[in-house]
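Report on the following structure.
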Amino acid sequence: MQLTSFTDYGLRALIYMASLPDGRMTSISEVTEVYDVSRNHMVKIINQLSRAGFVTAVRGKNGGIRLGKPANTICIGDVVRELEPLSLVNCSSEFCHITPACRLKQALSKAVQSFLKELDNYTLADLVEENQPLYKLLLVE
């Protein structure tokens, strides 16, 4: 299973925000510059993360974006569930003749649940706390 770029960059944006010193806000432009991604794409990602409560956006002259809650309460599995379409096969297709007897969807569903259960063991803080090599790469020391 490969995550979509939407989920990948959503996780990267959260990692960047979690790596910043406490209280420091950033901007979508700054995040897109760090990861060299499309600003339009990142706006959509940040909007969805904001709707889900993972990010808070503050308007105005001193505004910006920051984590919506502490990094140690943001579960990676929850972020992936929010951003990633997790249906691996389309069993509603009228062209699939084995749908009535197929067990593939159930097997794939169990695999996805195992994947998410493992990600549930990690918080955003687990990925960034005391990770000096990461801080150096992101230039946030």
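Cβ from N, Cα, C; glycine included.
Taken from Swiss-Prot, the feature domain 'HTH rrf2-type' applies to 2-129.
What Swiss-Prot records for 28-51 is DNA-binding region. Helix, strand and coil counts under DSSP for the DNA-binding region (28-51) come to 21 helix, 0 strand, 3 coil.
The Cβ of Cys96 ([2Fe-2S] cluster binding site) has Cys102 as same-chain neighbours under 8 Å, each 6 or more residues away in sequence. Residues or ranges marked as [2Fe-2S] cluster binding site in Swiss-Prot: Cys91, Cys96, Cys102.
Neighbours of Cys91 ([2Fe-2S] cluster binding site), defined as other CB atoms within 10 A of its CB across all chains, total 13.
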